[in-house]
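Novice: Once you've had a glance at the structure underneath, I'll fire off some questions.
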């Protein structure tokens with residue numbers, strides 16, 4: 001741990017001790033430490049509220065999607081999940097009206113031209129912990145195609161979001177959570193062979209929004225060498241330089257396989273890679289452009305753009321004799337169609353699906369058979385026994401997802417999102433690592449930043465002081481499938497009512513006091529403590545374990561935040577009942593009554 005960190009923590013930990021017969025028995029955390037703990041608790045509350053809002057928004061989008069299907073032309077309605085899209089979207093590859101369908105011939109991503117607003121409606125930005133890492137291409141309402149190497153060491157979907165394209169009039173881009181990440185099973189991180197990944201969005205893209213999908217190739221044919229194609233992204237303006245704040249575009253010619261092999265050597269695999277650019281250099285993609293599109297125009301009455309390559313790697317940026325390398329999309333078209341059309345029983349449910357599934361062991365949720373069907377594929381028993389087995393395995397996996405999500409969430413809050421983006425060896429066309437933030441109380445020694453999880457929302461529930469406003473439900477008459485979605489919406493609203501109804505001005509957690517028993521040290525160096533905290537007008541007291549050394553305190557903070565959330569949840573569930581001054585009778589007996597706003601330890 002850095003010396004500056006130790007000094008900071010030692011200053012914050014100036015103890016307020018109480019003694020008996022000259023020997024300290026109890027100590028209080030300093031006001032500075034309580035202030036930092038309160039700030040982290042407030043961040044946890046804010047993240048939980050955002051997650052709850054996203055969960056409701058996603059179901060509302062599903063309801064709108066179902067209504068759109070019901071109101072469309074009469075056609076058989078598939079029983080596939082709502083997040084599943086046909087592999088070939090309608091009106092793909094078309095730019096918005098008023099936006100020219102040409103890319104500047106002399107533009108450069110490395111130091112060059114800014115693309116007009118809305119010129120790349122299929123271009124998206126993949127964000128890890130809220131920080132941009134790679135580009136991507138929208139290929140269907142719920143699917144983004146990108147480079148597999150973007151997820152090296154960070155393949156948990158809970159960490160990722162996708163920023164969609166802005167509109168032609170500068171409309172604000174929409175941020176969407178990621179439901180599933182599917183790297184190609186044969187991706188080789190050493191050679192970048194098969195460098196392709198599909199990302200399933202948690203919320204389908206609205207057909208009325210500014211984002212539009214690109215067209216996928218219809219067959220195995222590619223444009224001939226010399227064809228001018230287009231690239232775009234937010235990548236670095238020069239090698240190892242800063243990223244661009246706006247989308248930049250360039251037009252580059254496709255090069256023949258022989259030329260690519262000659263200039264790039266054995267690192268190029270012509271079977272799955274193609275290259276494009278100028279042998280004289282100067283125009284190329286760069287760090288941060290990974291996963292972005294290489295598109296070529298398809299002539300016709302209504303010209304459209306077709307995706308033929310995904311930005312993969314390169315030796316430098318815009319250097320002479322070193323064109324950029326792109327993964328061939330035509331080679332993987334069958335795999336893409338298979339993944340995007342797969343039914344729910346063919347793959348394990350994602351953590352995000354399970355964390356938003358309000359199942360109970362004694363009262364299974366109505367969509368359990370579809371969500372858990374994957375686990376019943378090889379069951380040889382009766383239908384009912386297989387359903388029970390699938391539900392049990394679903395619940396077990398959800399518990400693991402909850403533990404991972406909660407633990408890594410709080411660790412991520414304590415370290416800060418920027419810690420997720422340390423140097424990542426092996427990325428040839430990856431994003432340059434941002435500078436580390438200054439050391440703070442959130443530092444956790446020995447923890448691998450790639451294993452962190454951002455806050456995805458704890459399953460806290462209850463009520464706030466306000467009466468919940470009923471959601472207006474769309475008309476369900478004559479549209480099958482809406483009633484289960486409305487039931488799902490109501491269940492999510494009940495589960496998250498407490499956090500959803502906290503007014504913004506009250507969304508702050510305050511730790512008033514942490515009183516540690518110096519005679520209760522555990523083998524891990526933690527001490528039993530009693531914590532007094534507040535949220536708005538609510539006051540709770542609960543027990544926990546706290547460290548009094550810099551390193552042990554940092555490790556004990558996540559658990560304290562979890563216990564605080566649980567305590568406020570319990571308090572909200574018992575609202576209206578006579579409130580005891582303590583959470584738990586044993587704590588009240590040990591501590592006695594509250595006097596003058598402080599926890600008073602018993603003195604022998």
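These residue numbers are counts, starting from 1, taken along the chain as shown.
Every residue gets a Cβ built from N, Cα and C, even glycine.
Residues or ranges marked as signal peptide by Swiss-Prot on the basis of sequence analysis: 1-22. The feature region 'Disordered' is assigned by Swiss-Prot to 70-94, 424-452, 578-604. Taken from Swiss-Prot, the feature compositional bias 'Pro residues' covers 75-89. Under the heading N-linked glycosylation site, Swiss-Prot lists 101. Residues or ranges marked as domain 'Peptidase S1' in Swiss-Prot (evidence: sequence analysis): 109-341. What Swiss-Prot lists as disulfide bond is 134-150, 229-296, 260-275, 286-317. The active site, charge relay system annotation in Swiss-Prot covers 149, 195, 290 and is backed by similarity to another entry.
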Novice: Which entry in the list of disulfide-bonded residues, 134, 229, 296, 317, has its Cβ near the fewest other Cβ atoms, using 10 Å as the limit?
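Specialist: If we count Cβ atoms within 10 Å for the disulfide-bonded residues 134, 229, 296, 317, the smallest count is at 296.
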Novice: Inside 10 Å of the Cβ of residue 150 (disulfide bond), count up the other Cβ atoms and send me the figure.
Specialist: 27
Novice: To the nearest whole angstrom, state the Cα distance for the pair residue 149 (active site, charge relay system) and residue 134 (disulfide bond).
Specialist: 10
Novice: Could you tally the C-beta atoms, other than its own, that fall within 10 angstroms of the C-beta of residue 275 (disulfide bond)?
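Specialist: Excluding its own Cβ, residue 275 (disulfide bond) sees 25 Cβ atoms within 10 Å.
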Novice: Under DSSP, is residue 195 (active site, charge relay system) helix, strand or coil?
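Specialist: SS state of residue 195 (active site, charge relay system) = coil.
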Novice: Can you count the other CB atoms that lie within 10 A of the CB of residue 260 (disulfide bond)?
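Specialist: Total other Cβ atoms inside 10 Å, all chains included: 21.
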Novice: Express the distance between the Cα positions of residue 150 (disulfide bond) and residue 229 (disulfide bond) as a whole number of Å.
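Specialist: With the alpha carbons as reference points, the distance is 23 Å.
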Novice: Could you check which of these recorded positions, 229, 260, 275, 290, sit within 10 Å of residue 317 (disulfide bond), going Cα to Cα?
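Specialist: Matched recorded positions: none.
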Novice: Tell me the Cβ contacts of residue 195 (active site, charge relay system) under 8 Å, same chain only and six or more apart in sequence, or just say none.
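Specialist: Long-range Cβ contacts: 147, 148, 149, 184, 187, 272, 310, 312, 313, 327.
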Novice: Are there recorded positions among 229, 260, 275, 290 that sit within 10 Å of residue 134 (disulfide bond), Cα to Cα? If so, list them; otherwise say none.
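Specialist: Of everything listed, what lies within 10 Å of residue 134 (disulfide bond) (Cα to Cα) is 290.
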Novice: Here the active-site residues are 149, 290; which one has the lowest number of other Cβ atoms no more than 10 Å from its Cβ?
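Specialist: Among the active-site residues 149, 290, the sparsest Cβ neighbourhood within 10 Å belongs to 149.
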Novice: Residue 290 (active site, charge relay system) to residue 260 (disulfide bond): how many Å between their Cα atoms?
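Specialist: Residue 290 (active site, charge relay system) and residue 260 (disulfide bond) have their Cα atoms 19 Å apart.
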Novice: Between residue 296 (disulfide bond) and residue 260 (disulfide bond), how far is it from one CA atom to the other, in Å?
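Specialist: Residue 260 (disulfide bond) has its Cα 18 Å from the Cα of residue 296 (disulfide bond).
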Novice: Give the distance between the Cα atoms of residue 260 (disulfide bond) and residue 229 (disulfide bond), rounded to the nearest whole Å.
Specialist: 16
Novice: Where residue 275 (disulfide bond) and residue 229 (disulfide bond) are concerned, what is their Cα separation in Å, rounded?
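Specialist: Between the alpha carbons of residue 275 (disulfide bond) and residue 229 (disulfide bond) there are 11 Å.
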